[in-house]
Every structure is written in structure tokens, then in C-alpha cells.
Protein chains: 2
Amino acid sequence: MESNSVSPMPELAPIAEFDKTPPTPPEDTIPMDDLPPPPTVVTVANNSVEQEAETHRHYEEENEWGCGSWLEYTMVVVLASVLLLGSLALTLFWVIYYHNGFAWREDLSKQFNLHPVLMVAGFITFSGFSILLYRICRCCRRIYVKLLHTVFHALSIPCVAIGFMAVLDTHNLKRPEAIPNFYSLHSWIGLVTMGLFAIQFVVGFFSFLVLLCCEGATSAFRAALVPIHASFGLTTFMLAIAACVTGLTEKVIFTLGENYEKFSEQSIIVNTLGIVFIALGILVSYAVRIPNLRGDSMVYMDDRM
Amino acid sequence: MESNSVSPMPELAPIAEFDKTPPTPPEDTIPMDDLPPPPTVVTVANNSVEQEAETHRHYEEENEWGCGSWLEYTMVVVLASVLLLGSLALTLFWVIYYHNGFAWREDLSKQFNLHPVLMVAGFITFSGFSILLYRICRCCRRIYVKLLHTVFHALSIPCVAIGFMAVLDTHNLKRPEAIPNFYSLHSWIGLVTMGLFAIQFVVGFFSFLVLLCCEGATSAFRAALVPIHASFGLTTFMLAIAACVTGLTEKVIFTLGENYEKFSEQSIIVNTLGIVFIALGILVSYAVRIPNLRGDSMVYMDDRM
């Protein structure tokens, strides 16, 4: 066994993305990082004897890993970006072409159309790009990535809020009888998603931006919060996808009924949209978590999250 | 900044679960491990100077991490197990109490009832336990875990096959007119799930069991395959959950129609079942991936996967 112990990871690349020599030196007064001791190096060593000798090589390779290897993600990031925009475009097309576009209060069925479009914009497109930023902006300073992350999530809020009001209105103003709210599995999943999103936004904003005002005292707390925030963030995105596919199923059956089984144009469009959401769930979680394109057998949560 | 560089991970626990001194020494002839060079140590070091000094502490703590810390997972594992069995029980209750139980060929609507029960049994309960095994059996020898993993997935196969035949029969034998197959988003997601499951089973069986016959020559290949198999396995489980929630939505709307909005008993049961599936998706991915109950700020894929 020992003689056969060929390393599965012959090229041990350091996984932390910190630059030892960042392009712009950090201000001494207001450091921006959540994980305070740069450089944090995550090393995969096959035995303890090799460990020290290899450390230096890791440091040398660090710059390459930090900025160079993002090229390896190009395909995943480009595909995810195309699907994030494509899902919104396809939702818009579905709603405008098959459901006559938008209105507010004048026509309840057209007002309802705001719901899928705005929810997809908020929970999928903006949130998806917000998560992907940590892959796209691998060479930017972290404070800029954090601010962009916040801005994208902040843009989601009006989308989700108006999208939510649109469906509530559609239900409550329906005549001769109002439609009850929160009766379906879709609405239950959506409610949990919105709650988790709100908690994540408030906790994230407070912890990773506001608490920077007393950076030294809060660094350990913020560092401990990073993986929790990242895990719940990805969970929220997955919940949003579950809400999307159940919502699409609901809407297409309520609209087409028995005709759903006739492979109409609309049903193909809706199913394709659903598969795009599923693909996005796989791609975004892959892009965020798995840096093993270079052959590491390790999966980790990026410490810049 | 440097003076404030408090380590976010004061107790650096080793992450690899390899035992340096396993309870039973591995046979020299047929070693059972996919990751050949024991011990593989994943170390999080804050600077290169501390690294070597801390290595020894990591090795000392390894046994504690390997077998002791699984107690910390008890709650997650117990909750996941309860939900895995609970989801199957709730599906059985729903189908027997509200849809009159089972039949084969005699009554198509009763034959259809086999579909949700067997698919949940195969894709959720058996597959879920099969994945969870890597958390439950932390102290067992890996070959036993691998065999149990294979057995549980093998048990899924007849469930999925009969569950699939049940719905095909229901569609094809329907009179006066057969119902088309694969028209819905649920069926598309389900088809992708079954395809991925089949690929995973064949590749996993061949790579991690059959290739053990020439263990030395294939160890690097098998080790490289571990994270891919694990990622796609979790993806398959998530796809199965997406198939479940879309399938539930379909079935409850086709059954109840407009009455779905009246908060009937059945709709509450179905929604609860859907939320249980969602909770399982969160819990199982958490149980498999996140070992940070001890405060590590790192998320990894268990190298025993």
C-alpha cells in the first residue's frame, strides 16, 4: 500500500486567493478584510515531512492561483451569466408573448405577470450575479466585491417586494371572490425564501459592512460568520429555484389544464425555463464551491465569501 | 491591521478523517482506500512559520476528529434520518388515505399511486441514507461504508424502475385516449435525475468497487473521481427533490383543482410533504459538506466520499 501511495494531487496548488502583494496596499486605518491574517493558506499535504518544503512553493504559486486561474472558470462563469440573463429574458418572453404583458390594477391577470418576471429578476438574476461576483471579480479588492454584492442584493429587494405585492393584489382583488393567499406549496417555499433572504440581507449588511467601523474588535466574529452567510446564501438561491419550478408548474397547469399534455409551444417554453433554472442551481453552486479544475480532490468554500 | 490579525480559527482542527492508526490494519494485498497516501492532512495555517509546529498537534488531534466529533453531528443525522423515513411514511399515508392505495393493472389510478411512493423510496429515502452513511459510519472501515453505499443505491434501482413503469403504464393504458409521456417539467426533471442516477451508479460501481481488483494502478484515477462522484451525487439528490416538489404540485392541482386553495387536509399534507423534501435537501447537503461545528471557517467535501 505504501509503495503504491501515488499522490492524487501531484500539483499542490494553494487554495486561498489572497494576494500576498495586492495591487493597492490596504489602508492601515480601515482594513477591509473579514479574514484578518493575510495570507491565509490552505495547504493539502500528503504527509507531514513534505509539508514544510512544499509551503514555499505554495507561496510562489499563490499569485498565479490568485489571479491567473480564474481563466479556468471562464466557461462556467460565462455559461452561468448567459443562463442568468437568459432565464429573465425567457420569462419576459413567456409572459409578454403568451400572457399579454403587464398592467397595474387595471387588469389583474396582467398585474399577475409582474410576479414571475420580478421574482426571477430579484431571486435569480440579481441574486445569482451577486453570488457569481465572488468568482467574476477574483482580482478586485474585497471591499469592492462586497459593495457590489450588496448593491446587487439591494436591487433584488424592490423586485421581490413589487413582485410579492403583485401576486397579493391579484389574489385579494379577484372578483367575485378573493383567492386565498399561501395555500400552495409554491407559496410556502416562496415565503421561506423571502424570509431567509431578508435575514441574510440584514445580517450580512450589518455584519460585513456596518461592523467594519470597529474592524479590529469584530474581525473574529465576522470571520466566523462568513461560512454561515455563504451556506445560507446558497440555500436561499436553491430555495428560490424550488419556488420557481413549483410556480411554473402551477401556472402552466392553471393556464393550460389538460392541454399541458399536448406539447404546445407554451408548455415547451415553460419546461425549458424550468430546466434553465435547474441548470442555474447546478452551475452557481459549482462555480461558488468547487475549485478543483486543476485536479485537487478537495472542495471548499472560497475564503473570500 | 497586522496587530489586529486575530486568527478566526484559533483551534485548527485537521479536516481529513483518515485514522493514522486504524482499528484494524489494512490488508497489504487488497487495500481498500481510494485516496492512497494515508494520512492525508488538510491544514489551515495562518502563516508559514506556524505551519510545521502545528502539524504535530493536528496529527495528535486527528483521532479525536476522526471518531469523536461525529457526536456533534448527531442532531443533524438524527433529524435527517427522521425526515428521510418521515417523508416516505407521509407519502404512503397521503397515497393510501386520500388516493385509495395500490393496485397493478386492475385500477390505473391505484397503479399510479405506486409512482410517488416508489420514487420517494428510491430517490429520497434509500439514496438519502446512502449519502448520509458517510456521516453515520464515521468509524467504520471504508470498504464497509462503500459496500453499504452500493447496497442502498442498488435498493433504489428496483424502486425507481417499478415506479417509472407504474407511471408509464398509467399513461399508456389510459382509455379512451392514452396520456402522452414526458410532456411536463416534472417529467423532464425526473428523466434527467434518472439518467444522472444511472450514470453515477455504473461509474461508481465500476470505479470504486470493480477497479479495486487492480488497486495500485487505479488509485490515482479513483482518487480524482471521488469529488466528481460526490458532487454529481449531491446534484442527483437535489434534482430528485426538484422532481418531488414539481410532481407534488402537479398531482395536487390535477386532483384538487380549484379546491387546492381551500386549505383542505390533503393540500396541507401535500405542502408539508413538499417542505419536508426541501428540508431534506438542506439537511443532507449540510450533513455531507459542512464540518464546521467546531468553528472552522472552511467548508469541504469529506475525503471519504
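Quick reminder: no glycine exception, Cβ is built from N, Cα and C everywhere.
Because TrEMBL annotations are produced automatically, they should be read as predictions rather than curated entries.
Here the structure is a predicted model, which means the values were calculated and not measured.
Summarising the annotation, TrEMBL assigns compositional bias 'Pro residues' to A:22-33.
What TrEMBL lists as domain 'Cytochrome b561' is A:79-289.
Look at TrEMBL and you will find A:1-33 tagged as region 'Disordered'.
Residues 113, 116-117, 120-121, 124-125, 128-129, 132, 135-136, 266, 269-270, 272-273, 276-277, 279-280, 283-284, 286-287, 293 of the same chain lie 6+ residues outside the transmembrane segment (A:73-97) yet bring a C-beta within less than 8 angstroms of a C-beta in it. The transmembrane segment feature in TrEMBL is assigned to A:73-97 (among others).
Per TrEMBL, the feature transmembrane segment maps to A:117-135 (among others).
Listed as Cβ neighbours of the transmembrane segment (A:147-168) (distance under 8 Å, sequence separation of 6 or more from its ends, same chain) are residues 104, 111-112, 114-119, 121-123, 126-127, 129-130, 133-134, 137, 181, 194, 197, 201, 204-205, 209. Positions annotated as transmembrane segment by TrEMBL: A:147-168 (among others).
Outside the transmembrane segment (A:188-212), and at least 6 residues removed from its termini, the chain residues within Cβ reach (under 8 Å) are 30, 32, 34, 119, 123, 127, 146-147, 150, 153-154, 156-157, 160, 164, 182, 218, 221-222, 225, 229, 232-233, 235-236, 239-240, 242-243, 246-247. Per TrEMBL, transmembrane segment is recorded for A:188-212 (among others).
The feature transmembrane segment is assigned by TrEMBL to A:224-248 (among others). A Cβ distance under 8 Å defines the sequence-distant neighbours of the transmembrane segment (A:224-248), meaning residues of its chain 6+ beyond its ends; these are 34-35, 116, 119-120, 123-124, 127-128, 131, 184-186, 189-190, 192-193, 196-197, 199-200, 203-204, 207-208, 270, 273-274, 277-278, 280-281, 284-285, 288-289, 301-303, 305.
Same-chain residues lying 6+ beyond the ends of the transmembrane segment (A:268-288) with a Cβ under 8 Å from its Cβ atoms: 73, 76-77, 79-80, 83-84, 86-87, 90-91, 93-94, 98, 124, 128, 131-132, 134-135, 230, 234, 237-238, 241, 244-245, 248-249, 251-252, 301-302, 305. The transmembrane segment annotation in TrEMBL covers A:268-288 (among others).
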